[in-house]
Amino acid sequence: MAACRRVPLLLLMSVFLYMHPIRGQKSANSVIANTAVRVNIQAQNQAAVPAAVNGGSPVVAASPPRRRTSGWKLAEEGACREDLTRLCQKHSWNNNLAVLECLQDRKEETEIAADCNHLLWNYKLNLTTDPKFESVAVEVCKTTISDIKECAAEERGKGYLVSCLVDHRGNITEYQCNQYITKMTSIVFSDYRLICGFMDNCREDINSLHCGSISTGEKDVHSQGEVIACLEKGLVREAEEQPGAHAIRPDCKKAIMRVAELSSDDFHLDRYLYFSCREDRERFCENTPAGEGRVYKCLFNHKFEEAMSEKCREALTTRQKLITQDYKVSYSLAKACKTDLRKYRCSVDTNMPRAREARLSYLLLCLESASFSHTVSHCCYIEGFSLHLMKCLSSAPLVCQGEIPEIVLHCRGEIEAHCSGLHRKGRTLHCLMRVGRGDMGTIDNLCQKALQTLIQEADPGADYRIDRALNEACESVIQTACKHIRNGDPMILSCLMEHLYTEKMVEDCEHRLLELQYFIARDWKLDPILYKKCQGDASRLCHAHGWNETSEMMPPGAIFSCLYRHAYRTEEQGRRLSRDCKVEVQRILHQRALDVKLDPELQRRCMTDLGKWCSEKTESGQELECLQDHLEELVSECRDVVGNLTELASEDIQIETLLMRACEPVIQSHCHEVADNQIDTGDLMECLVQNKHQKEMNDKCAVGVTHFQLVQIKDFRFSYKFKMACKEDVLKLCPNIKKKVDVVLCLSTTVRNDTLQDVKEQRVSVKCRKQLRVEELEMSEDVRLEPELYDSCKQDIGRLCQNVAFGNAQVIECLKENKRQLTQRCHHRVFKLQEVEMMDPELDFQLMRVCKQMIRRFCTEADAKNMLQCLKQNKNSELMDPKCKQMITKRQITQNTDYRLNPVLRKSCKADIPKFCQSILNKATGDSELEGQVVSCLKLKYADQRLSPDCEDQIRVILQESALDYRLDPQLQIHCTDEISRLCPEEAAAQEQTGQVEECLKVNLLKIKVEGCKKEVLNILKESKADIFVDPVLHTACALDIKHQCAAIPPGRGRQMSCLMEALQDKRVRLQPECKKRLQDRIDMWSYAAKVAPAEGFSDLAMQVMTSPSKTYILAMIGLSVCILFLFGLLCGRMTKRLMQEQKDRWNCPPPTEPHRRGVTQPTVY
């Protein structure tokens, strides 16, 4: 027996009693049965069994009566009758094999008599040594033997034929032959002494390891599978180089591994494991059929369940360790990889000993090398890694010490310091992964490298089930969120990443997933889908000719960096990624955006800045946002990588996975067409900004979109559409300017100057001007998007607008409403902003938002720059929305405070303002507002009828509007606020202003105490003389009379007012009572005004006369006075002339006589 080369002739006599007869083979079964019943029972009557291998004396065996009849049965032997009756069902008593299996597979706590036990063993021994059964094997397995050349060549009569059939039982297709060989093996593996050569090869090792006696008297002969288990444990201790391990002889090692290999098909053949795990098999694998290693795999999968017995767990661990020594110990692996091993010559290496070839690590490395240039069977790939590396990841590292000694060697300090020693279920490795991520302190470089090497060998990206801890933690998530994906598919990990930080994700799965992804992200080859789709692109674009390249010149992260740089190139920019590869690169970028630690380059370059600026930002996505917020303060290398990522996100905002999740409702409602477009060029973010205030917009999405806008203003490159549209214009017109807000200001200033100068060709391109408009509109929505304004007014915002939320231009509106209380610096910025908005009302976010529907109703054809003018013209329409009307009024009040805020007035009165109001301009400073002084000045000149026609038209409109609403007169508000509150509270409280406040002030003119207010009211009275439209109360009262009496008289210059006054004086004309009353009141007011405020000059006096109701009388009296004066002048002139003539004549005439009197010479008379 010692000379046997393989398993001996393990003939089982009664095997075919379990078989159903097969048509055409009845005679064969009869031959087998007849041969079986002629078994020689002579050995059962022998006085002694073979001597014990330990040199002991022969053991006396039970001696049942000699039975040579063909009907001898085990059940008839007295030694076993009692045990048979107690343990086995009666219908099996006639079948020796059934009796043998019943007694052999008894429960562990059930004992059988020693005589029966010994009888059974002698019966099995005689079966294995009877040469007659070889002829039975030849007859039953005739076809199989001819098909298997190795078995056909075996020498007959030495028991080698059946041994060969056992070796090739996986290739046996004949039903009866397969059943025959299977039943035989269950006999032999019940006792190691029945295995050919086992006792001779392992005798010394059994004794050295104290694995128990082979004597039937000292140990239960029937359960001596424990001896094999003891030898297997000794072999494992030697392989792990444990202290005090015994060196097992090579022949015994081979015998042990051979036994393990032959028992890999059916777990019943590993007697120790069978008895250790029998109850566990019923508990966990009840529905798993035996054969092909299925029960082993099932038990391995439940190895760390709490209900698993410790004895079974220990037996399974031992078998797993044997698999690492010889892959053939795993039936499923050997079967799945048989073809690949032969094809790629992974089992032949003449330079290595047999043990080296059989090691699972060698097999995996060989198959991995083959997979780079060939296609390895999927089943082989999965079986290899799942059987070996699942064990490594789901048990303590020492379990795999033979395969990954670096973990134990290099991570010993981390294991003790951070992981509290070794743990099962993969907890130790995941603990080390957390340390490697930096979540639990620092990790040694050697330990980090060992971890990365292990993950590379395990390749859990190909099948997540390899990672037992991840599989258990994420089982519920996979069943709910990823149930549509085939179990074990590489896309499971991507599915889990897509649901990271969602409601379906559980905390434990989240942690395990991030721990694993941290290492996968550092070697892009660990993502099998990316690896497959981008292999050609990496070779073509990144010069990665060999996938195993790992050098300082080409670190693992460099290839992926190269890929994503090419992912977003345009056709003009050169070579781009293939479509499939780009999709995978985008998928990886989306995953990396979830956690800054999943981006190796970002974490490496920004480690210092993360600690300095973002140590308190621990929530998902906060770290990258923090780095973006502190972009200017980052070190240069960190600033570059953060800038590149932000620039990339501006082109494809879907990379911002968390933002996309938060914005899902608004995307589905308003941006689904853009989102469905596979090529995102910044359109999606633009759509989100435009719909930022829709009802579907939630707080998280609004905050995320605003943050992205705030980041964009730091660099114009961060706004993809703006960058692509204006890149050339920026280089030409705004070089060396980086901040987006400065670039926008530079370009918009250029556009404005070109427009004002009426240049033939604008310097800024059309596409840039279009996108510039979009950027300007976006910036008007939030004060924080105007850095200079925000910095100047930050203190005022905290003081005056602390309860006002950012966005929707609400803070800007708050600053406008509290403009008089602002600090000088902030006031100046707000005024400049208003000046820009009044010139271009489309930039007035609040106005455009509140009046959006009214613009569509009234101003669809109006130019954007004339939008406010159009709204003002339709302000009093019955269809005007009240909120919009209120907003228009606010803008009118703003315009009237300073002529510079009214572009139309400024242009129309360009010549009149310096001509009549220069003194006001001289007193004003550049940073101060004029508080309506220039407008008031122009109003007075309008009353004097001294303005140019264009300016007069604009002032008339202002007078008409302010007459209806006193708030549109800044000077009146400044001087009369207290008087209005005292004299006209009800009128001022009215929602609709129709000129009642001014009318109240006019009526109560005598009661006004404040001189400034009184002067303003007198000015109003003066202005009302110039045009009846300026006095809305009078115009309303006299509208019918104007139509009847003054229809032919054009308005303006006081003509219609004079017409009404003449009608009032004409007794033939009957005016409406209300009109007559109002006119009489106006006469009294004007009279009082004339007394209180006399004419300041001749022009003022002439105006008062021309607008006086007694104008005709005054003019007649003046004319009469002039006539009387003229007549008086004529009379006085004649008298004076006669007197002068007489005087002249007197001097010219000679004296009468007495010519010599007094010496006077007398004139000569002719």
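Each residue, glycine too, has its Cβ placed from N, Cα and C.
What TrEMBL says about a protein is an automatic prediction, not a curated fact.
Going by TrEMBL, these are the annotated features:
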SIGNAL    1-24  signal peptide
REPEAT    247-307  repeat 'Cys-rich GLG1'
REPEAT    504-571  repeat 'Cys-rich GLG1'
REPEAT    576-635  repeat 'Cys-rich GLG1'
REPEAT    696-755  repeat 'Cys-rich GLG1'
REPEAT    763-823  repeat 'Cys-rich GLG1'
REPEAT    879-946  repeat 'Cys-rich GLG1'
REPEAT    1008-1068  repeat 'Cys-rich GLG1'
TRANSMEM  1113-1133  transmembrane segment
REGION    1146-1166  region 'Disordered'
For the repeat 'Cys-rich GLG1' (576-635), the number of residues DSSP places in helix, strand and coil: 41 helix, 0 strand, 19 coil
PLDDT averaged over the residues of the repeat 'Cys-rich GLG1' (576-635): 85
Residues of the repeat 'Cys-rich GLG1' (1008-1068) by DSSP state, where helix covers H, G and I: 43 helix, 0 strand, 18 coil
The repeat 'Cys-rich GLG1' (247-307): DSSP-derived helix, strand, coil residue counts: 38 helix, 0 strand, 23 coil
DSSP helix/strand/coil residue counts for the repeat 'Cys-rich GLG1' (879-946): 47 helix, 0 strand, 21 coil
